[in-house]
Amino acid sequence: MSEVVLSSSARQRLEPYLLLSKSAKGGACVQLIKDALAAPGVYVFAELLEMPNVAELQNNEQHVSYHTLLRLFSYGTYKDYKENASTLPQLEATQLNKLKHLSIVSLSEESRTIPYDILLQYLDIPNVRELEDLIIEAIYQDVIKGKLDQKRKQLEIEYTMGRDLRPGQIDQMLEVLSAWSQTSEEILKVIDTKIVQVRDAAIENKKQKEEYEKEVERLRKEVKSNSKNVDHMEIMAGGAIDQYANMDYHDENTKGGRAGKRGPKSICKCDILTSVTIKVYCNCYSEYQRMSQHTGNHSDQAHQNSPGVRRSEQNSTTVSPVRTIINTTTQRTTYDRHIPQRTPDPVNDYRQLRIDDNTKKRKISVIEEDAQQEEDGRIYRAVLGKSMFPLKDTTDEIIRRINNSSPSKVQKTVLPYSTPTKRRSNAIDSPFRNSYSSSPLPFEAQMILTSPRKPLRYISKHPYKVLDAPDLQDDFYLNLVDWSSNNVLGVGLGTCVYLWSAATSRVIKLCDMASQGNHRNSAENVTSVSWMPTGSHIAVGTALGPVEIWDVQKSKRVRKMRGHTQRVGALAWNQYTVSSGSRDRLIYHRDVRVPNEFTTKLTGHRQEVCGLKWNPEGTQLASGSNDNKLLIWDNASDIPIYKFLHHTAAVKAIAWSPHSHGLLASGGGSQDKHIRFWSTSTGEALECYDTESQVCNLAWSRHSNELVSTHGYSQNQVILWQYPSMEQLAVLRGHTYRVLYLSVSPDGQNIVTGAGDETLRFWNIFNNGEKEKRRESVFDIRTQIR
C-alpha cells in the first residue's frame, strides 16, 4: 500500500513539469530540466525523459549535456557523474544531494546493510556527521526507510522507493523471475513428497498407539486380578517400615549387638533412606495439616464447627490416600503401631479445607484461589524441607553404626585426663526442646506453621474499563495520552484533542487542529499532549512544529509557541516551564509566563527526540532520542551533564524514581529490549534487565518501590516489576498492538494504556492488594436499613 501511495505522490509532483514540457523547446526545455532536478520530492524522471521536446535535446549539440544529465538522474549514480563530470553541467547543492539519495537506493539493490565506509567512499563525503545528515534527509523525504546503527557503523535499510528502469533491465528481471519460478516448482515437489512421508508416518504411529493401548489394558486387567497378592505385599512392607522405625540408631552403646541379634549384618543405605523418609514425610504432613488449621483465624473458634469444616474432616477420614495399606491395617488389630499416611494431593486438600472454612465470609475468586494454592504449596515445601534436611547429616553415621557387627575395642584407662571445658549454654533445659514436644516436627518447622502470614496481594489481570479511541496513532515516537491531577484524561486522536473525566465519564472535544472545516490532513495531526501540574492547562504538540497551550476550563487556546520546524513528539512540564522535543533534534524550554517563544535551546541529539521527563525535584531533565542516546541536562545549563550510550535502539521510555534520589529508569526499542537503571547523582550505570520485548513506556508507583512497563514487538504486554529484585509481580495482556501510551492516575493506584488497536484500557495494579470499595447508591435499599 505504501509503494502505491509513494508512486502516486511522485507522479503528482512530476505532473507540472510534464505539462510544461509539451510547449517548452530549446533553452526553455533546458531550464525546465534544471527546475525538475532541483525540485524537492521529485525523484523519478522517466516520463519527462520520454517527452518529445526533451528527446529532441539529444540531437542538439548545445543542449545534449542536459539530456545526458536527466538520463543520469533517471537510472545513474553519483559515481557515474564523477566519471563524466567534465562533459556534464555543474550541479547545485540540492541537485547533488538528490543524486546521492538516488545512489543510496541503487546501492541497496545489492545489500540491505551498507557499511559507513562504503558510503563515505562511494558518495565522496568527508566525515560521518555529514553522511548521517544526508541519510536522515533521505529518510524524511521517504526515499528510503531504515535505521542508523551507530554502534556497528552501518545503514540498515528496510525498503526504498523504486527507481526508473535502465535499458535492458526488463530482460534481467524476466530472467530472475523465471529462475525463481523454476525453483518454486522444485520446492513444491519436495514439499509434496514430505507430505506423503508424514502421512505414512502418522498412519504407522496410529497403529503403534493402538497396540500400546491394548497392551496397557491387558496389564491393567492382570494387575486388578492380582490385587489380593499386592495387598499382602504392602502389609509386609508396612511391617518392615515399623521395624526400621523402632531401631535406636543413635545409641552407640548398643551398636555392636543390635545388628547381630535383631537384624542382618548390613543394611542397604537406600532401604534406610526410604523408610526414614517415608516416616518423616508422613509425620510432617500430619502435623502440617493439624497445625495449619490454627493459622487462619485464631479468634473465630465457633466457625471451626461449621458444616464446611465437618464435611472436610469427614472426607479426610474416609478418603484413604494409600487405600490398600489403611484398609488392611484397620481390619487387623494385631499391630500396635499406626503408620501415618498422606493424601495423594495434600496441598490441594489443605487449600480446599481453608476455602470451605472461609465459605461464609466471602466468595474467593479464581485469582485468589490460585494465589492461595501457590502460598500453601510454598509453606508445605518449607516445612517438609526443615523436617528432612537433618537426615542428610546423620544417614551415613546411622549406616556405619548398623553395619558394625562387633563392638569396637576401646582401651579403657583408670582416671583418664581431660581438659576442662565450659558448659554449653544450650545445655540448659528448655521447653522448646524436641524432647518435650508432642509434634514429630522440629522446632523450626513448627515456627513456620504458627508464624502469622502476610496477606496475599491480588492483582486483576483484566482491565476494569475499556474505551474506544478511534484514530489513535500507532507511532512509537508520539506521546498522546496523559492523566491530569484533576482526574481528567487527555487523548490526542487524529487532529483533535479529547478530554475524558474519570469521575463523571464525560467526554469533551477540546480542539481540532484541522485548518479548514472537516478537512483532515495528516500534516496537522496532534503528536503529543501533556498536562500542566495544576491540571488547569494542557500543552499540545503538532506535526507542523508549533506547541499550543489550552485553557481547559474555557476551552480556549491561550498561547501558540513556534520554534520547531518538524513534529513535536515529546512534552514535559516543570512548574510553569514546558519542555518540547521534536524531530528536528532540538529541545526548547518555554516559560508560559514570558512572551518569548522559548527561553533555552538544547542541542545534543542527532535524531528525533521522543522521550522527555523532569525529575521530581525539577533540577534535571532526561531526554531520549532515536539516536539511542539518553542525555541528562541540568536546569541551569544548555550542555548535558551525562551522556549514557548503552542502549542500542531508540530511547522513549523514561521514568524517575519518586523513592530514591537520582534513580532513573530507561527502556530501549525493538533492537534493545532492555530496562536500564542509572544514578544521576554519580553518573553510573546500575542494573540492566532483558525484557525480550520492545520497551515503550515506564512508570513508577508512588506508594511502593514498583515499576510498570509497557511493551511492543513482539508480546504487547504490560508488566509490573518489583524493584530492585525485578521480580515480575504481574503480566497483563489484552492489547493486540504495541502498547505505546501509558499514564498513571492522580491517586497513584490505576494506570491507563493505549495501543494501535485504538483502545484505552484501565488497570488497577498499584492498590497493594486492597479490594475495590463497593460503590453505594442512594437507590440501594440496604442503605436505608438501620
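In case you wondered, yes, glycine gets a Cβ from its N, Cα and C as well.
Between the listed ranges 195-229, 335-369, 405-439, TrEMBL ties the annotation coiled coil to 195-229. In terms of DSSP secondary structure, the repeat 'WD' (519-560) contains 3 helix, 22 strand, 17 coil. Sequence-distant contacts of the repeat 'WD' (602-634), counting only residues of its own chain at least 6 positions beyond either end whose CB sits under 8 Å from a CB of the stretch, comprise 132, 136, 148, 150-151, 476-479, 569-575, 579-583, 585-589, 640-656, 658, 661-662, 664, 666, 668, 672, 678, 680. With a threshold of 8 Å between CB atoms, the same-chain residues lying at least 6 positions outside the repeat 'WD' (519-560) that come near it are 473, 478-486, 488, 490-497, 499, 508, 510-511, 513, 566-573, 575-576, 578, 580, 582, 584, 590, 592.
Mapped onto DSSP helix, strand and coil, the repeat 'WD' (602-634) counts 0 helix, 19 strand, 14 coil.
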